[in-house]
Every structure is written in C-alpha cells, then in structure tokens.
Amino acid sequence: MSEKKYWKGLEELYNTPSYQKTVRNEFREELPFGEEIERLMDAKTPRRDFLKYLGFSITAATIAASCEIQVRKAIPYINKPVDITPGVPNYYASTYAQDGDYCPVVVKTLDGRPIKIEGNTSSSITRGGTSAMVQASVLSLYDTARLRYPMIQGKEATWEELDKAVMQGLASLGGAPVVLLTTTLMSPATEQLIQEFIQKYPGARHVTYDAVSYAGMLLANEACYGKRAIPSYHFENAKAIVSLGADFLGTWLSPVEFASQYAQTRKIKGKKADLSQHIQFESYMSLTGANADYRYTHRPSQQPAVVLNLYNAVAQALGKPQLSNVPALQDESLQKGIQRAARLLASHPGEALVVCGSNNPHVQIVVNGLNEMLGAGGKTIDWNAPVNYRKGIDADMQQLVADMEAGKVGAVLIYGANPVYDYYDGQRFAEALKKVKLTVSCNERKDETTVLCQYVAPDHHYLENWGDAEPKAGYYSFIQPTIFPLFKTRAFQESLLAWMGQTPDWHGYLMKFWEPKLGGLEAWEEALQNGVIEPKQVSLAAAPFKGDVQGAAAQLTAQQPKMGELELVLYEKVGIRGGRWANNPWLQEMPDPISKCTWDNYVCISPALAWKLGISINRFNENDLNRPVARISAAGKEITLPVLVLPGMPKDVIAVAVGYGRSPEVGKAAGGVGKNVYPWVNLNSQSLTFEYYQPAATFTLTGETYPLAITQTHNSFEGRPIILETTQKQYNEDPGEATREQREERERYGGENYDTQGTLYPNLYDFPGLKWGMSIDLNSCIGCGACTIACQAENNVAVVGKDRVIAHQEMHWIRIDRYFSGDPENPQVVFQPMLCQQCDNAPCENVCPVAATNHSDEGLNQMVYNRCIGTRYCMNNCPYKVRRFNWRDWWGATSFGGTKDTADMESELTRMVLNPDVTVRGRGVMEKCTFCVQRLQDAKLAAKKAGRPLMDGEAMTACQQACPTQAIVFGNVHDPGAAISQLREENKETRLYYVLDDLHTLPNVNYLVKVVNKDPGDFYVEPVQHVL
Amino acid sequence: MLHYESTVREPLVNGNKDYHQVTEDIISPIEKKPGKLWWIALGFAVTMLLFGVWSVFWETYWGIGVWGENRTVGWAWDITNFVWWVGIGHAGTLISAILLLFRQGWRTGVNRAAEAMTIFAVLCAGQFPVWHMGRVWLAFFILPYPNSRGPLWVNFNSPLLWDVFAVSTYLTVSILFWYSGLIPDVATIRDRAKKKFAKFFYGLCSFGWRGTAKEWQRLEALGLLLAGLSTPLVLSVHSVVSMDFATSVIPGWHETIFPPYFVAGAIFSGFAMVQTLLILTRKILHLEEYVTLGHIEAMNKIIMLTGGIVAMAYITELFIAWYSNVVYEQGAFWWRILGPYWWAYIILITCNVVSPQLFWFKKLRRNIPFTFVMSIVVNIGMWFERFVIIVLSLYHDYMPSAWVYYSPRWPEVGFYIGTFGLFFTCYLLFAKYFPVIAVWEIRSVLKTSGENYKQKMAALEQKDTEEFLQEVQHEHALAAH
C-alpha cells in the first residue's frame, strides 16, 4: 500500500524556507522586555553588580559573625625557669602517704603545676597501680577550702606570731605533758623528729589515731608473734583466698597493692584457666564481695562464730585439734559456705590466705591461728616486711581523752587526725579539748577539730612538701615538692622544728637524715628520682606463732552479743573512705562501685527487707530517684537516712557508709552531704577496740522521700550478650563456648572480612599507619573506679553536682557498668568499664549534620568541639550511650552567662588542675572518650623526633595507666608485636568479643569474657528478673 | 426519575448565594473592626507566645540542661514537637495540591485555611530543630554555604541535613502556593477598601492584580504547576523527617516502615488540626454556609482512613519486633508497652486507633461537637505517637546500665506552649486581615455546587428526558459565561 501524504497547508506541501524557519522557531514572539533590557544593563548599578554586592555583604557578614575572637595576654619569660618549657610536662616521683594509705606516684607537672598523678611502676608493692583516691588527690591541692595562712584564735596571723605564741604556751604548761596526736605516720624521718620533740619536752607522748582502726590486728599480732605490727600479704601466691569481711580490693589496709596481687591470680593465659578461688564472708555488699567467686553473708555479730566455725572445719579437714565450745551457726547456707571454704583452704596448704576485717583482737588471733594451720607464713604472709599502714591503738586514744578530761594534758598538737568528727564519741573529745591549755592543729583545712583549736598551723599539701615513707620494713619511698607552696602554709615537721627552737628546715632535716643512710648526695638524688628504694632480694618469712587460739575462742564465745532483729554495719566507701578527703568533688561524684550512687551516704537494705517494709523497687519506679527515708536508731542515737535497696545485703542487716556529714567549713563539696555515722561506732569494752557495727538497730520509714543521685538504676543486663561470662570448668572444657555465637555470626558475614562483607556499604576507611585498639579484661576488672577518676583528671571532665546527676546529666567518659544476676539476696556481680568504643563504622559519625564527629585514619572516632552545634543526634544514635553532652556551662568555659559551678571550677585556683593539652569544653557541645588522643599525639611526636617508629607501651591511656589490675591493654593493632595484637590473637577463638558486634559498628574496644571459678551448677546465667 | 447529579453530592455552598453575596460574606468581616472575642483570643495567643520566648531565652541562657533531657534521652519534647508540627502542616498541602489535581471541588471551602495552617505549622516546627541546638548561635553551620574552612562541608549523609532541605523547600513552596492563591482575593479587598492605608496595603499585597483573562490564565497555570511540585512534597517531607529515625541504629527507630507510616500519621493529624481550626473559624466568622457539614464529613473520612493506616503500622511494628527475634528490638517494644512509660503507649493507642473507629457512624461523622473533640483527641494521640517513638525508644535501648526515665521541665513545656502562641497569633492575624476562605475559588464552584443553583436544577428533574437534556445544556452554556 502506497503511503499517502496529508498536508495542512500549501506551505507545508511545498516546504518553503519561511515554513522551515517557522518550524525551527516554535516560539516566534520576542521576549516582551523590549528596550527595558538595555536600560537594565546600562543602569548605574546593573543587576549583576547588585548580586555581587549582595553576595559580598552576606559572605562578609557570615565570616565576621563566625569568628570568635578572644583577647589573650601572652607574656613571655624574661628569665626562663630551669626545667620549665611551656607545654612540655615534667614528671616527678613522689609518694601518696596519707593516714597510712600508701601509693608511690609519679606526678605530671605542666608549666610548673601538678596536674596528674600516675602510679610509680618502679614499686613492686603497687606495680604502678593507683586508686580513685590517689588519682583525685591532685585536685585537693587546689581545694579552695584549704587554709591559706596560720591562725590564732581563728584570726589570721604570721608564722612568727604563731611560733611565739605556741612556744610560750609550751613553756608555760607547768609540767603538764604535751601530746602529739596524729594519724598513722609512715615517715621514718618524721618519727625521729617526733622522738626529738618528745626529748625536748619531757613527758610528751605521741598518740596515733586512725579513723578506721586496725588495732585489733595489731594487738592480735602482738599476742601471736610478739610484734605489734601487720605483716605483708601476698595474694599473688594464694590459690585459695578466704576473706572474712575484709574489703581488701576496695578499702582494707592497702587495696591498690592487694588488687594488683589479686589480679595476677585472676588472669588467664591461653586455653587453660587456673584461677585462684576467692570466697567472701561478709555483712554488707562490698567491692571485694562483688568480685568473689562465692559469697556468703552473715550478721556482723556472727563474725566471731563464722571465724571459729571455719577454724574448726579447716582443723577437721587437716586433722588438727579443733577448738572446743564453738557456737553453732544455724544458717544453712552459711554452714555450707564454711564447709566449702574449709575444703578449699585445706586442699591448698601453703597456697591459702585468710584475711579478716574484724577489729576484734580475739577474732584476729583465731584468724592468725587459721593462717598458721594453713602454712600461710612465708608463703602468702610475710613477716620479713611488716607494713606500717596502720599503727593506731584504740586504747591509747581512749586514754588520751580520759587524760584530757581530767586536765592531765597540757597541750595537744594535732596533725592529720580529726577526732571531733570521726571519733566514736566526738562530742566528748570536743568537750575534753576545751580543758587542754594549748591546742594546736596542723590540719590543712578547717575541719571539725581544727575549728576548736586555739592555734592553727596549716600543713602543706603533699604535692608541695618534702617527705619520706616506709610502707614496709626495708621499703622506702620519697616525697618531693612538685610546686612551690600555694599558700602561707608550712610543713608539719617545720612547725615541730620551730617549736623545738630549731631552724624550721624540713628539707635540710630530711637530707641530713637520709644522706648518710643512702651514702651521699648522689644516692639521695637518685632515690628522689626513682621515688622508691626496695630491697634487692625478697624472701618471705614466717614468724614463730605463740598465740592462744583456744583462749581467744573462749573469749569470743563468752562475749556473744545479744542479737537484735536488725544489725547495723558501718563501712567505708571506695571513693570517700574515712572521709578525710570528702571535699573532693571528683570523689563525691564518683559512682560507688556497688550502689552506683554519688554525693551521699544512705542506708543499704536487702530486697527482702524492702519487701517486708513495703518498699518495692521495680521496673516502673526504679528510675525514680526519690527514695524513702528511714529513721535508724541504735545505741541511743537516731539518724535519718535515705534508703537504697541493694541486692546482696543480708536480710537482717543494714549498712551505712562513714565519711559523710562533714561540716560546711570543710568545703563546698563535702559540706552538708550525707550524715556522720561515726557516733555509731561501737566500743568493745573488753578489748577496748572499736567495732564497726551495732548489734541492735531499729529501722522505721518516715514516709518522706529524698533524692539519691544514682547513675545506674537498672541492675540486670537482661541476659543480653553485652556481658559474656562462664565458669572455669566450662572454659577449660570448651574455651570458645562463650563467644561461639558471636564468632559464628561473624562467619556468616565474611569472618575475617566482616568489616567489608557485613555491610551494604563496604567502602569504609583506610588505616594506612597506626590503628589504636583497646582490650578490657572483664576477669581482671574489679570495678574500683580508679579509671573513671584518672580519666576525669586527664581529660578535664566536668563535675556536674548532685542535682545534675539526678537529672542524669553526668559527664564521666568512662563509666563502670555494674550488673547483678542470679539470686537478688546474694547476686553475682559483673563490672564492665564502658567508654567510647571508637567504632570504625560509627553510628554517631554519619548522623552529625555538620560532620563534627568523624573518623581518623588511626581508627579514632574524633570529636571536633569547635564544629559541634549540639544537635545531640550522635548521642541518641550511640548504642553504647557513652557520649556526653555539655548540658550547661560547667566551668565558665563559654564567655556567656549561665555557669553551673558545682566544683569551684570557676575559681582560678581550682582551674589550675586543668590539663592544658585538653580543650575545656564549652556549653552545648558533645564530648566523649578520645582514647586520650593528646597522649597519643605526644607519644607519636616523641617517636618522630627520635626518628624511630612508635614503640608498644609508649602511648598509654589514662584509664589504662591508672588501673591497679592491668585490666586494660592498649596499643597499635597494626603492630603484630604489640601487646594488644598478641592478646587479640591469643584470645581470638576463646575470650575475645565485641559488645553489640552484630550492629556492625566495628568497635576498636574489645572485651574478654569473665571466667568465674565456680561450679557450673552454682553459676547463674539467668538474669535477675525485672522486679528486684 | 432523572437526576441532574448524584444524590450523594451535597451542595458545597449552602444558602441563597450569588457572587456578590459570597464576597460580602467572606470579605466584610475583614473590613469591620475586630470583635471582642478576637481580641481575647489574640491576647491569649500573644501571652503564650511571650511565655514561649521566655522559655527559649531561659534555655538558651542556661543551656539545654534546663530541659529534662539527659545522657540517654537526647531528644524528647523538642523533636516530638518538631515532628508533630511538621505533620500537622501536611493536611494543608494535601488539600491544596493533591485534591486540586484530583479536581475535588470540596477543597475550595477549606484550602485557604488549611494552607495557612501549613505555613504556620511549619514555622512552629522549624523553631524546634533550631532552638534545640546546644550552640544555637552557630546554627548556620548546617547550611552548605561557601566558607573559608577548606574542605569542611556539611555532612550529606546526615538525615538531619536532609531535614533542613526538606523543610525549607516545603516552607518555600507552601508560601508560594498560598500567596499566589491569595492575590485575586487581596485584589478584591483592595477594590472594596475605603481607607487610604488599607487601599495602599492591600494594593501592595495584590501585586497590581487587575483580573484580566491573561492573569487568570497564568494564575491557574501557576496553581497547577505548584500543585505538581507540592504533591511529591506531601510524601517526601515527612518521609525525610521519618528518616531521622529510620536510618539510625536504635531499636524502635530503625524501621523501614517509617516513611509511609509517618506520612499517613502526618495527614491524620493534619486533618484533625484543620477540623479544629475550621470548626472554630466557621463559628466565629459565621461561615457555616461555606464550610458545610459535607466538608467536615469528608475530612472525617480521611481521618478514619489514615488512622487505619497508622494502626496497621503499629501492629506491623509489634509483629516485626517479635518476628525479628532480635533481643534489642523485642526489648524496645516490651519496655515501650510494659515499661514505666506504659501510659504513654496506652494514650497513643486509645487516641489513634480506638477512638477514630467511632467515625464509622455517619451520625458521629456529621456531629460537629463530636468532630471537634475527636480532632483534639487525634492530635493528642499523634503527639504521643511521636513522643513514644522518640523517648520510649531511647529510654531503654541497648545498654541496660544507661536506662533512665525522662520527665519534662518547664522550659521545654513552655517552648511548646510558645509555638501554640506563635501559631494562633499568626492564624488570628491571618483570619482577621485576609480572607480565610478562597473567595474566587468558591465562586468557581458556586454555580455548579451552590445550594440555590442545585435547587434550580431540582425543577428540571421533574421534566421529561428530552427537555431535561436541553435545559441542562442551556444552563451549562449560561454558567460558562
């Protein structure tokens, strides 16, 4: 069929040129501007110019508006001080030796001011470990509540005036004796000086008084070994550890030392675990109890019975003579526990250690007998090096008070001690003090005792002072000043010298004391540089035992106190301890390892008791921090305290921490926080020692509520695979079991190549050089919180105050999650340090609209504070919930109103503690753990300057360095020789796991499975149900 | 019997109206002095607005910490309110754009008010993402402007940035749409104005509109064009908003169902808000003849439909949480329903799923007081939906150690109240000084759907077929001129 052509007009048919043109130009009409367009272009300010001006002004305005200009005055040195290079830190070895707590340290000073405390790794005692209290001690240096000048009758005076007055006072005593009242001193030079002082003032005596006393041990050892001393303990040599109420990981005697030793027995190398077994008997939920493999609870008044029964059970197992007339224990689980402990101890002769927290000498004699029976002497107990940690004898103090009351004391010179606050009858001491002619306090602040003294000669902070310490016989440690004294204070020793009429030169005295002993100036300088001198050869020794165990047992049986319905235990918190350093906002805000409560003391009660009283803490109200208040009365004293329901408390025991309820003059942080419960300390009228419980207490709810600043309110990990644990038996049978599910899940998505194959978006980052990684061993972590405070000090982490903690706006970059599982009356506890996981596929990074958080080519998840506008999207999207937002201007970092100053951080003095290498974050920006990036940069720079690659261990994070148990390993995972790489390789198929691995966040922090030395049958895997 | 049109088509304009009467009814309130009631309402609105300003000042001065948000719940009332207000805006766009494209005549009675509502709602919504920033003075960082910071640019991966574009586009298009529709009516006011200032002001606002055929043609074309542009926006804006959550890793947020679920929810709450506003407006401004029961019923039907969609989404969420076998996902929903915030979930289900079912009864659909109450119930429910999604997902997510409760503090409540103040201040000013019903659009449907014209047709229906057809054609021819 031929194609027909249709046409619309002749033009189309003939296809004329005009028609073609028409087709080409569909729109024929001109634009309707006409001449206007020319006028527009010829105008004086044409449209384009207008746009240019507009563009320029907007850009200029924007740039001008976005510049934050601050005026800074920079004044260079005219004469540069020796050793001080701005921005370059110096490290000085020193020693934290306060009230008998000992920790050799290295002090980091920057631009002439100490800003950080590290453990001294040269010490074999603490092996570089620290505690929260030691870490926080640098802040106390800059405490605004410290006394700044000597005072006479509460008024400022000069030292000359004070010395004159005191010496006059001393001269006009008319023969009445002078008493030096101190806490435990471990300084040999000071001891000598005190002896000289006593010689100068005949009749003078030195009374040592410890707020929390160990007199029971001292007296027991005197009775058993003829030495009024405490031996060294060696937990690292023990395969069987039984603690009878001794919180040796948290507060007992020397927790840093013991934690470090203990951790050595809890490490797992390879596929075979051979852990020590640790059984704890106690009356409240302690940090040590939380770490025990088995834990049994009893009433505090039952402790002698527990010790005696344990003695007999062990004696029976070993076929040794048993004690007669031992009171029976009714509690079935306690009996089982004693049997278990006895089996354990008896099967580890020479590898067993029993420690006891009792202050009753008779109990300690039985414990000594027990240790003797187990052959602990020379193995786990060393009498070659008795320790000087505590020296106070309670009876001496009681005698002193009696003498003072009788007017038999002419003068009291107080140094360190604060009996008005922490003596069991502080009021009586205060009254007695009035009868003393001359009262002088050398304490560093207006504490409860100092305000009652006529003369105040404030001591230096230890970081400003010279000193020495002998923690154990043969072990020496030195203190050197790291800053010129901030105030008109004077070393206690200088005051003594002055009052003896000598030149007040403590440094000179110390050198004169040590130089001959060490053999010259050079040796002295070397000793100062190293910080410690230790014996070359260490041999452990036993001591001949001549204790009368049967006699002690008879005493204990006779002394059986009448048990009330409820008993009250007094305990020390890991952060605040006896309360001397309570005015330290870092310590106040450190969540208690067990209760996770900050800024208060409270009465801990068991879930069973709570249930009985009608207090139900359940999933609907666990977040409500307004907790009921109870009135507790014991020994005729009544105190109201908020109630904290704590799993693990025995059902008939309530527990309250000492160290709180300081007077407002002690400082802003401590003043008025909590209640002082020292008045509840019990005097054992027979042994004249203090006991830290009340056998009969009553407990009534007042119907009121009180807010407690608790940071973690949900106690169960809900069986989620964020915590993986197993038992030693299961581990040895199948080391990979606990992590198998995670490994199989990974296998399904590429195994080794999980990072690229487990995602739809495989183009992740390249890490050409270093790549940082961290490993946290849940088996070594004891939950002590030293890392939290170390991080706070290193990274200028803000203190937010109680009300903000209640609002859950706390700022800690590393927190310790504490989870309970199993029986709420006696749960298993696991601690998990949680910090930024530095994910390689970080959920926080991709959601930031301004790219303020991004990834470095070393695997770090970086926060650019200057870029952050504070949308908080990253915080929401962080599955680990480790990001912290500056809800307020915590320390006047922003030149804007509205500071929320809770820790005196606006004070120029307190701000001296800030680490200048770390930006102080202003209000409205996000922050989080950086893996201490400033330290990493520093280490890299040092290696670069030295022209060599970075070596393993040169870059350490603050948390890692502070950890007393070395639970944290950190390093470059690209270095196959690095500890972190080897650890990961070694545990690849056994204990290594990542938290929330299935989210494909690719964390750079891994955890190692917790292995408990418990029979699988006793190991609870099911979570505590939502209702506690 | 013959019918000129289906009996279900009820008149869109009631009463005996002609073009002039329509103009009189709608424009004359603008020319009168405002009534007492209006002043009282404005007073209330401005008071709320000032309280909001104070709350925001307080928050900006002291920091976000004055809100109840915390280390675990980083968004709460702020973003809940943002999503809620954005959602409300959606009905306006749906009415003006999608219903225009579908030639739904009934939209003419409500579109002007609904569009105004959209704009004011988006303005309110925009306050939240801005003032919730920790450092609001650096808010401009989220705009991709050329800067002197090297390669530093905004993060195009962030859904929050998508929000910026989505919402600002939405606001721009909505304003254009609304304003272009206003021009002829503003010109009418100008033409009627007697006072010098009113003449000048409305003259300025009407951009010299003369009402020529060319102008009308262009206006209609522009209307269609903007309707075409807005249609995807109806779907995209809330989809993008939903991606703030859907692209995250938080259980209860990370859900692929979110975009349609959010859009349906937005329309659900948007229509409820239109109901709230129009029921009040028609009463106060005596516009019952223009916003008829038919209009109200039509919107109630949409509320019922979208309510059904969100109910389906709630069920799907629960099912998938169970089916996924992921502990975190299951945990999130367990704690959502059985955790300390259980009551928020109950409110959500009661308001959004249970109560809209009453609209199955025609009597209730056409009952004005009931509709008014329901419109508020639905908006409470939708507020709680966003609150449940945001707060109840965050407060119990992966790490049990970080679980918290969240309670608002006065500044964030005050901020929310302040946006009501802003909204009603704007709406009251608009309703007083601009025609809240589109006069020219009503005119366009008057002769086909006005009651008196329909009645005129009723007479035809008595005639026989031949005559009927002839008359109808004749009438249409007349109407066309």
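Backbone N, Cα and C define each Cβ position, glycine as well.
All annotation found in TrEMBL is predicted automatically rather than curated by experts.
Marked as transmembrane segment by TrEMBL: B:37-57, B:82-102, B:114-140, B:160-182, B:219-241, B:261-281, B:302-322, B:342-360, B:372-395, B:415-440.
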Check: What stretch of B:82-102, B:114-140, B:342-360 shows the most Cβ pairs under 8 Å to the transmembrane segment (B:415-440)?
Finding: B:114-140
Next item on the list: Can you tell me which of B:82-102, B:219-241, B:302-322, B:342-360, B:372-395 gets the most C-beta pairs within less than 8 Å of the transmembrane segment (B:261-281)?
Entry: B:82-102
Check: Counting only residues 6+ away from its ends, which parts of the chain sit with a Cβ under 8 Å from the transmembrane segment (B:372-395)?
Finding: 72-77, 79-81, 83-84, 87-88, 245, 250-253, 265, 268-269, 272-273, 275-276, 279, 300, 303, 307, 310, 332, 335-336, 339, 341, 344-345, 347-348, 350-352, 355-356, 358-359, 403-406
Next item on the list: Report, as numbers and ranges, which residues of the same chain sit near the transmembrane segment (B:219-241): CB under 8 Å and 6 or more residues beyond its ends.
Entry: 82-83, 86-87, 89-90, 93-94, 96-98, 100-101, 159, 162-163, 165-167, 169-170, 173-174, 176-177, 180-181, 183-184, 258-260, 262-263, 265-267
Check: What same-chain residues lie close to the transmembrane segment (B:342-360): Cβ under 8 Å, and 6 or more beyond its ends?
Finding: 268, 300-301, 303-304, 307-308, 310-311, 314, 336, 370, 374, 377-378, 380-382, 384-385, 387-388, 391-392
